[in-house]
Amino acid sequence: MEATRMGFGGLSVPLSLTPNLSLIPQRLLDKHNLSLKPVKIHHLVCVRSTKSSDDLETSRPSTYFSPSLWGDHFLSVSLDHAEFVELEREIETMKPLVKDMLMSSQSSDKEKIRLIHLLVSLGSSYHFDKEIQDILKHSFTKLDGIIVEEDDLETISIMFEVFRLYGHKMSCDAFDRFRGGDGRFKESLAKDVRGMLQLFEVAHLGTLSEDIMDEALRFTRNHLESLTSGNVSSASPHILKHIQNSLYIPRYCNIEVLVAREYISYYEQEEGYNEILLKFAKLNFNFCQCHYIQEIKTLTKWWKDLDLASKLPYIRDRSVESHLGGLGPYFEPQYSLGRIIVAKTIMIIVVADDTYDAHATIPEATVLTEYFQRLNIGADDKLSGYLRIVLESVFEVMGEIEQEMSPKGRSYSVKQVLERFKIIAKAYKQLTEWARKGHVPTFDEYMKVGLVTAGMGDYAGYCFIGMEDINEKEAFEWLNSNPLLIDALNVLFRIANDVGTYETEINRGEVANGLNCYMKQYGVTKEEASRELRKMYIYNKKVVVEEFMNSHDRVPRQVLLRCLNFARLFDVIYTEGDGYSEPKGKIEHFMTSLYVHPIPLS
């Protein structure tokens, strides 16, 4: 089970060039020195075909995915426009009350930061983003004085989280006061359940050089697990449930809106909760949910009109799951159009991906790739059959998005996304060749291609299209500068995806899987390979946090926050296997809580 449950919850380059592997795999592989281990083959899956080379060239896999969980369900869900209006009216009525709390001159810096943390937890902070940034900018200049005599673990941990989330790198030295003479965290801290939980959460915001955060994570996890597994506990039931949820998916391994949905339920059971803040959070969530339902209705109708699920029965029919792919980066109502664009783009790219993975022969994959390089089918071309359907669908959908965004002056982003797709198509073709021939490349060879198909630079580009609050050309200039943040995200996605899909990919003959390739190159078992990939995952999670922190002086926070949220989404999707392809179970539960059940206001 370790291989399929690891707790996960680039900039595309021509294949003729070597992607930036300074982070992984080479540096990590050198560090772990696995190549010096005696080579011993354990359970390596390698297809030995008796077919001729010509047969392999034209072989077609017989892969079909499970049908959609949702079908046309959301088309029958009624949305009352009057409810939309009333929710928005109530939110606007309450905003000044919450703002007054935030800006109160009677509140200390620590009290304001704790309130900011509560607003973030409840999913309401975006309403006051400018005010929050101003407060934190001012408070950070006098941080030493604020914390000099603070000995409350929860308070220090909250301040650490809030400052880091908003781009202020509060030093982890602040936690030295909670360590004993032996350098370890004091065992007496275990009695402070709230402080321990908060330290556990912020330990996920450590960077590469901050070993104390690794120690904090081990220390808090051990004690919190003991607390929840014991028969007797002094903690309240709602706190124990909150701890169990956090141990399963920590806050920064979960998407913002799911954190808010769970935290609202928890906060309502807290003694002395603030009624105004709770009601504001509930109204806000239900208002967001109305937006999500309307967006999914739009996507469902659009997808149904395309009729690709029946024309191309081998593809994944995942409109609601694709919306989750847009919701992860940004959940706020103002990004409604952005979520629709991201979801449409994901769905149409999945059509291409599934064609390469699950249906095309090698010659067909070659033809497909050639047309993607041209970004045009051409009137004189005699392309027929399903390949024409795939190509026309991709080009037409991206053309529709460009046409929609052009009046807003944002067609540049769409052109950039298409240019980047030329490169990812070449990588898809390489994976197709390996799969059809049953070839298991070395891990190093595989990652040169796999980091391209991870496509995090492309994913960021999808998000930029609908972000009207950023300068799209500047955002793509940063994206095209080979940022380390995107490199690390590519590694995270590739590892999470390959581990989460290992069993299903191997069962359908796709032996060029990162886990399988690692087993081959280093002669280790699946369990050993899983552990090493997990180390790479943790390492690159820290890189993401570090680059998020270090880039605020030159990259807009709205851009960086999307990237941080990508990593959180991977942890959700791949918590138990591949939640996108097989959403039945945990992902279905998450989607139901977000899209089906509103929060009762009383």
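The first residue you see is number 1, and the count goes up from there.
Glycine is no exception: its Cβ is also placed from the backbone N, Cα and C atoms.
It is 353-357, from the ranges 18-22, 353-357, 378-382, 523-527, that Swiss-Prot records as motif 'DDXXD motif'. Shown in sequence order, D498, V511, N513 are the residues of the chain, 6+ apart in sequence, with a C-beta less than 8 angstroms from the C-beta of E505 (Mg(2+) 3 binding site). Cβ contacts within 10 Å of N497 (Mg(2+) 3 binding site), excluding its own Cβ and spanning all protein chains shown: 23.
For the binding-site residues D353, D357, the greatest number of Cβ atoms within 10 Å around a candidate Cβ is found at D357. Neighbours of the Mg(2+) 3 site: apart from N497, T501, E505, residues of the same chain with C-beta atoms within 8 angstroms of the site's C-beta centroid are D498, V499, G500, Y502, T504, E510, N513, D578.
Between N497 (Mg(2+) 3 binding site) and D353 (Mg(2+) 1 binding site), the C-alpha separation comes to 14 Å. Calculated from their C-alpha atoms, the gap between D353 (Mg(2+) 1 binding site) and T501 (Mg(2+) 3 binding site) amounts to 14 Å.
Here the Cα atom of T501 (Mg(2+) 3 binding site) is found 13 Å from that of D357 (Mg(2+) 1 binding site).
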